[in-house]
Structures are given as structure tokens and as C-alpha cells.
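Novice: My questions all concern the structure below.
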2 protein chains.
Amino acid sequence: MSDLGEFALIARYFERSQHPLPTQVVLGIGDDCALLQPTPGMQWAISSDMLVSGRHFFADVNPRTLGHKALAVNLSDLAACGARPVGFTLALSLPDADPAWLQGFSQGLFALADAHHCPLVGGDTTRGPLNICITVFGETPPGQALLRSGARAGDDIWVSGTLGDAALALHCLWGRDQLPAEALALARQRLEQPTPRVALGQALRGIATAAADVSDGLLGDLGHILERSRVGAELEALDAINLLAARAHITGASGTFDPHSQADSTALRYVLSGGDDYELVFTAALESRLQVESAATGCGTRVTRIGRIVRDPGVTVKAPDGSALHGPWASFDHFAT
Amino acid sequence: MSDLGEFALIARYFERSQHPLPTQVVLGIGDDCALLQPTPGMQWAISSDMLVSGRHFFADVNPRTLGHKALAVNLSDLAACGARPVGFTLALSLPDADPAWLQGFSQGLFALADAHHCPLVGGDTTRGPLNICITVFGETPPGQALLRSGARAGDDIWVSGTLGDAALALHCLWGRDQLPAEALALARQRLEQPTPRVALGQALRGIATAAADVSDGLLGDLGHILERSRVGAELEALDAINLLAARAHITGASGTFDPHSQADSTALRYVLSGGDDYELVFTAALESRLQVESAATGCGTRVTRIGRIVRDPGVTVKAPDGSALHGPWASFDHFAT
């Protein structure tokens, strides 16, 4: 870790001398390394995500929501493993040291970090194109981490929260779709301030057979589970489309699902391929349904069954009449494409 | 961690399915998180460094040496704490997926990783301006990590290897200084392929009272030790100047140190303020001299005493006649300025 002459300013916003560190953090910011004391017997879960201006966020995004999102996408990876957050490092490349930007960014970052008792323990700052790289550490009991590889034919497929609103907001901001102002504000909050399902991930240990977080779109991330578990999936279009919170605001949307409706087709694409949701997609045995619902209720998080795991590889999206739908899901563009 | 459509190419260069992972790595690349099993009782040392094109390296640098350096600067932080490397994550932003570049970069990266038994366990790839962020994890026995805060008045100040040649090479590449071709090649190797002193750092546990790695220049990094330990330092110019391996090639350099010689003054500035050396500066009690030398010999690494810790804050650089030298050390520019 290096200090950078004029960038000493930055330290002001990230070193919080008044803020007590948890006992697990033996040494935080200020030495060559941070020192952490792992809880005896626990395994460590580690994930690293890099956010680049213009690709993962608009350059003029509110820095407070950016600070939130930069940590949220990493905590979401811990959630997908069922790990309890322990701490994170932040490496930041900035074109200049703008106090207003730094204050907003650090406030958003620390508000989420504090909510999850996940302290900043170290990092690096440098001058360069805006780039945020966070590496997060968490703990799980050995053998209890949720992996992508455990889904079995017959398992239910579940999704937490809502899906597709982030992508819908992005398309509205791009001018490619539209929503009433109030609905757009809600959808935009999903895009800019996703909620990592950290408590749900931990509550699903021993219940879910496989899990992943939805960052690149449901079909893509469920696809990782299917690939690793060597199984396939059937999804119910009607259950899926209702995951879009803003659905009622899409012109022409009906109460059910009409495969011939342009509005329903668009809504389904947002849900299946939109991305940037940071919800959990997970699988669990049929006999675990009550346990799943109880775990979700305990976390105050909605969960929805949207299909089932099948033996044969591939994904079938089924209309209410049981017929298979064919849509250009994969081609739906979002930030990560 | 996310896959990126066309960037699947990148995975080819970083997933090494034929390469066995150490038992400590329960799960490597391919899930939402990597899973590691800490050694019972050990503390974890963590450091993160971000390298930006044009700031930390030339955009057209040999990708193999860049891969080496990106990991080396992180391993150097572990060395400064006396930690044993366990693994690292790599987040990479690339303007495009150039197979030749990726092959070179990954070869340089893995050659150093393998030499230190430090596997790549996870990461992220995205499209954007070239940016490399590595986070490295290591282990130390509790209470034995080398910190910046333990230096005491009377301690010797030691430096590993050589200092200043990286900065000299950089100035030659910028056209601001010159060296004979063969000497430049050696100095350039110090700039582009620094040697993290991982074995020495571990060997100094229980011997050194404080340590830091020299990334921003000796005075800057020794300054961190002085600040944290609330002490000062006296450095011997003659001992320091001989740390510059290329010194004999600087026009007009003498066998001793002449404070009025332009060549000696320049050489001393490279040593004191050059940066990018990735050597260790550390302190140890006088009665530990034999232990320090024995530890260094055991690692095949040269160590040199260049001064002592004093009670009063600040740094005095002393000429051979005992007088204090005053130089524009801090203003010497290098990549990190």
C-alpha cells in the first residue's frame, strides 16, 4: 500500500480513527498489510470485483450511490456463498481528488459497510482513470459454503427479491425505454443501490443445494449453476415476469403472461437477461420449501419459486400453456456486455 | 466475479486446470467466491495494490515483466510484514483481449506466483483502461508480524539488496540520465522485475523491530517507520550511496562520497528518494546484528546497515566527516509522484 503525495487528502475520507474496529481486525489501515485473526475452524470466502467508469456506472453517477454499489456487488458474492462478511480492501484510481466526490463516495461505502459490520482494512489509491476495485473477505463453517455445483434434478429454482428493474432503469436512462417518473425512481434505486442478500445467503446454508448472485442476468448466472451442476432448468414465464417490480407500469402489460404481447415479451427479457440485480438465484429440494420460506421470512426478504432443475442440459422457458418460448434473451445488452 | 462474453478468451490464460492447487485452497476460480482454509492459529496479512498504465508502468512495457511486477509489488508488502504468501486475486481491466499480451502477462505472473507457492484463487476481468489490481493474502504467527511501529532509539537501520537503480533506469528511459547499455539493462531489470524479499521478511520475524518495503523511496518509506514508531533516524551517506549497483557507471563517481560532487549528489538522490525498489528497510537492535546477517545469508540476500534510529524525530543524512547534508531528496520525481 502506498501513500501518494497530494493524495493524502484521500486518506481523510477513508481512515476513520474514531471508528472502533472489530476484534477480528488486529491491524487496519496504515501498515504494509492489514492483519486479521480468522475465527478458529472457519473457512475464508474471498471475492474481488472491479468497477470501471462508463462500463459499470455512468461517470456522473451520484458518488454516494457509487460507494454503496461498489461494496454491494462484492457483498453479493459473499451472500451467494453464504459467507459472513469480515472486511474488505479498496483500491481506487481517481483522475483527481475532488473533496465533494470523495465525501459522497466514502459515505455511501461506509453506510453499507457499517450495516454489514464489514470494515475497510486496507487498500491503495492512485491517480488514473476512475476505477474501483474492492476485495471482500468472509467466513463460513467448513463444507457449508453455498456453491454453484450442488443443484440436482427435481430441485426448485428460487430467486430473492425482484429482477429486471435495474436493466429497465438503465434502458430508460439510455432513452431506449420509458417509465413514469415515480416508477423510474424506484427502478433506478435498484440499479444504483442494489441490496446484497447477505443475511439470506447465510440463512440458506444447509438448505440451498446451489446458489449464485444475479449480476450478469438470470439466465447467465443460473447458467453457471447448471453448468457446474451438469443439469438443466425449466422456468415458468408467468412466475418470472412477476419478478419485475415495475411491470404494471409497462404499457400494455397484462395481469397474466401473453407470449404474443410486445410488452410482456420485453418485461420477460428484462427479468431473464437484464443483469445488475444482485439478487440470489438458488436451488433447493422440494422437501425444503418450508425451510426456504422460513429462512427468507427470518431475513425479511421475499423469495419466489420460478422453476425447477431437470436432468437434461439447457434452459426451457415455459408459457402458461406449457409450450416452450423462444426469445432473444442472451442478446439483451446491459453494462457488462 | 463475473464472466464477460467475449472476454472468455481471458479465462484461457488464467485458469490452469492442470495446475494442482495447494490443499489450503478449498475452491479456486469459478464460483462466486474462492474458499480458503486458514492454518489453525495463524493471522492473515492482506494487501492490495493497483497498477495503472502510464503511472506505474509504460503502456508498451513487456507484458511478461508487467505480470511479474504486478504480483511482485504485492508480495513485497507481505514480505514487509514477514508473512508467508497463501494466494492472490487478480482484477484486470483491459482495453482489448490481445492474446499475445495476455499470454506474456500471465506467464510473468504465474512464474513468480509459482516460485512463491502463491496461487491465483479468483478475480475479475472487465473492459476498460489498462488497470491491474492484485490483492494478496499471507499468514504469520500471531504477534510476530513485522510492523512499522516497533523501531527504538539505538536500533540499526538495515536495507536489503540494492536501492536507486530502478529510479535511475526510469530516468534513463525518460532521457533525463544515461548509462552504458549493459548497466542500463541491469538497472532496467530492477525497475521492471523487482525481487520481493519474501524469504527475508519471514526470516526477520522475532529479529527486526520494524520493517517496511521501499516502494515510494527510502526516505518516504523509512519515514513511515519513524512516524509510526515516533522516533528519528541518522543515515550515513557513504553507506547509502553504495547501495546503488550502477554507481560505478555514473560519470565522475568516486570510491568514497564527495558531498560537492554532482555525480555523488545525484547517486545519493536515486538511493534516498528513487522508489520502485521493493527492497526491505528494517530496524533491529545492535545485539541482533549477527542474527540479521545470519537470516540474510540463509536467504541469499545481501543486507546493509545504513544508519541508526535516534530519539528525536526527523532524518539526518550525514557526510563521512559527520556533517549533515541538505538535499532536495523529497522532490525527486518517480512514477508515484
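Each position is counted from 1, following the chain as shown.
In case you wondered, yes, glycine gets a Cβ from its N, Cα and C as well.
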Novice: To which of B:ASP77, B:ASP165, B:ASP258 does TrEMBL also attribute binding of Mg(2+) 3 at the site defined by B:ASP32, B:ASP213?
Specialist: B:ASP77
Novice: Which binding-site residues are spatial neighbours of B:SER215 (ATP binding site) here, meaning Cα within 10 Å, out of B:SER47, B:ASP49, B:ASP276?
Specialist: B:ASP276
Novice: Using a 10 Å cut-off, grab the number of neighbouring Cβ atoms around the Cβ of B:ASP124 (Mg(2+) 1 binding site), all chains included.
Specialist: 25
Novice: Report, as a single number, how many Cβ atoms besides its own are within 10 Å of the Cβ of B:ASP213 (Mg(2+) 3 binding site).
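Specialist: If we count other Cβ atoms within 10 Å of B:ASP213 (Mg(2+) 3 binding site), we arrive at 30.
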Novice: Is any of the binding-site residues B:ASP32, B:HIS56, B:ASP77, B:GLY123, B:ASP216, B:ASP276 within 10 Å of B:ASP49 (Mg(2+) 1 binding site) (Cα-Cα), and if so, which, in sequence order?
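Specialist: Of everything listed, what lies within 10 Å of B:ASP49 (Mg(2+) 1 binding site) (Cα to Cα) is B:ASP77.
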Novice: Under a criterion of Cβ-Cβ distance under 8 Å and sequence separation of at least 6, what residues of the same chain contact B:ASP77 (Mg(2+) 4 binding site)?
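Specialist: Expected: B:ALA45, B:SER47, B:ASP49, B:VAL136, B:ASP213.
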Novice: Per DSSP, what is the residue tally for the domain 'PurM-like N-terminal' (B:30-139) in helix, strand and coil?
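Specialist: Its residues fall into 36 helix, 44 strand, 30 coil.
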Novice: Distance between B:ASP216 (Mg(2+) 5 binding site) and B:ASP124 (Mg(2+) 1 binding site) at the Cα atoms, whole Å?
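Specialist: Distance (Cα to Cα, whole Å): 27 Å.
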